[in-house]
Amino acid sequence: MQAVRHVVCALSGGVDSAVAALLLRRRGYQVTGVFMKNWDSLDEHGVCTADKDCEDAYRVCQILDIPFHQVSYVKEYWNDVFSDFLNEYEKGRTPNPDIVCNKHIKFSCFFHYAVDNLGADAIATGHYARTSLEDEEVFEQKHIKKPEGLFRNRFEVRNAVKLLQAADSFKGQTFFLSQVFSQDALRRTIFPLGGLTKEFVKKIAAENRLHHVLQKKESMGMCFIGKRNFEHFLLQYLQPRPGHFISIEDNKVLGTHKGWFLYTLGQRANIGGLREPWYVVEKDSVKGDVFVAPRTDHPALYRDLLRTSRVHWIAEEPPAVLVRDKMMECHFRFRHQMALVPCVLTLNQDGTVWVTAVQAVRALATGQFAVFYKGDECLGSGKILRLGPSAYTLQKGQCGAEVATESPTDSPEDGPGLSPLL
């Protein structure tokens with residue numbers, strides 16, 4: 001008789017992870033619920049919902065009659081996620097801590113805790129995503145040695161597991177999983193909600209006494225900020241660096257700000273005394289000035305070229321067609337739930353890529369992740385380190401005057417005018 005499979009499910013205190021645990025129980029697995037505490041609310045005077053979330057996760061386990069564990073990754077989160085968050089903002093970039101958290105905390109720390117401490121055969125989360133493995137295939141996976149060197153040997157990991165988009169395309173969360181490095185973790189992960197819609201998940205919760213999580217507002221934004229003012233929060237950790245708001249059209253000074261790193265491209269600039277809204281289109285890291293333009297559709301907000309850091313490829317590193325041709329057509333997005341944009345990737349020798357979008361996109365920003373897709377498959381992602389000239393710059397013929405948008409320590413393989421080396 002085959003032993004009952006043990007699945008350790010990450011519980012956030014929300015409806016998605018609660019229903020994920022419920023569905024695992026229905027499949028006959030031995031399920032253990034684990035709540036991860038990643039931020040110490042005692043560090044701040046602001047509001048943090050971690051304690052309430054933990055209580056809700058514990059109550060889920062009581063309703064489902066499964067064991068409950070709580071584990072603290074406060075130190076790891078600070079070192080690997082929050083410190084990176086601050087460093088990126090200090091460089092004037094716009095980081096995505098959710099992507100970094102999944103990479104370092106959920107699919108590294110939590111995965112190893114579940115396997116090594118709780119004896120899990122597999123882990124599960126409430127993410128809306130799928131893999132190329134069925135449940136039984138997940139349980140048949142053996143430990144794979146961590147790859148060495150710049151790229152994984154494509155013959156070392158046969159039939160690598162693929163990360164696939166969820167049935168609910170609007171709720172799909174492969175974007176946030178695009179930096180999960182460990183094939184070992186991914187091939188031993190179950191996503192019970194991958195084939196379901198959010199509305200159906202809510203229906204399941206309502207029919208199974210999970211009303212306390214069903215009624216909660218969906219968590220948005222960063223857990224460590226809560227309801228606090230973002231600018232005030234950031235200035236608790238970073239020194240103010242006052243500068244000017246300058247019109248991109250005539251170089252007129254329109255106002256002052258407390259730090260160029262507080263703004264991301266596409267964001268509305270809060271400039272007192274102006275009737276119409278102005279939007280951030282450039283940042284000068286040397287002088288500390290923020291360039292702004294009127295109208296939300298100003299051409300200075302649109303670009304069709306960017307360069308990433310070395311891309312993390314999930315299943316095939318890098319894809320064979322990209323290695324062979326040095327170019328590859330696919331789609332990308334740099335914000336969750338934005339429409340996929342057709343693009344062409346150009347591979348550099350150091351594993352970075354140039355991304356040329358078929359059409360200019362609004363509000364590209366360094367520090368964000370460009371996440372690549374081919375059909376239903378999420379191929380991986382790379383951090384945006386450099387932007388090409390805006391449509392406004394090209395219209396004025398000022399390509400050479402483009403404001404630097406990355407740290408000098410991150411110099412890319414430059415082509416003329418920031419064009420990819422084709």
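Quick reminder: no glycine exception, Cβ is built from N, Cα and C everywhere.
Sequence annotations record features per position, and here Swiss-Prot assigns active site, nucleophile to Cys101 based on similarity to another entry. If you look up Swiss-Prot, you'll see Cys223 marked as active site, cysteine persulfide intermediate. Annotation source Swiss-Prot lists ATP binding site at Ala10, Leu11, Ser12, Gly13, Gly14, Val15, Asp16, Ser17, Met36, Gly126, citing similarity to another entry. Under the heading site 'Interaction with tRNA', Swiss-Prot lists His127, Arg268, Gln368, citing similarity to another entry as support.
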Inset, instruction - Write out the long-range same-chain contacts of Cys101 (active site, nucleophile), meaning residues 6 or more apart in sequence whose Cβ is under 8 Å from its Cβ. - result: Asn38, Tyr77, Val81
Inset, instruction - Write down the Cα-Cα distance for His127 (site 'Interaction with tRNA') and Gly14 (ATP binding site), rounded and given in Å. - result: 11
Inset, instruction - May I ask which of the recorded sites His127, Arg268, Gln368 is closest to Asp16 (ATP binding site) if we compare their C-alpha atoms? - result: His127
Legend entry - Candidate with sparsest Cβ neighbourhood (10 Å radius) among His127, Arg268, the listed recorded sites: Arg268
Legend entry - Among Ala10, Leu11, Ser12, Gly13, Gly14, Val15, Asp16, Ser17, Met36, Gly126, the record's ATP binders - longest CA distance, Å: 16
Legend entry - Distance from Arg268 (site 'Interaction with tRNA') back to Met36 (ATP binding site), taken between C-alpha atoms, in Å: 35
Inset, instruction - Round to the nearest Å and give the CA-to-CA distance linking Arg268 (site 'Interaction with tRNA') with Gln368 (site 'Interaction with tRNA'). - result: 18
Legend entry - Chain-internal residues near Ala10 (ATP binding site), provided their CB is under 8 angstroms and they sit 6+ positions away: Ser17, Val34, Phe35, Met36, Lys106, Phe110, Ile123, Ala124, Thr125, Gly126
Legend entry - Rounded to the nearest Å - Cα separation of His127 (site 'Interaction with tRNA') and Ser12 (ATP binding site): 11
Legend entry - C-beta crowding around Met36 (ATP binding site), within 10 angstroms: 26
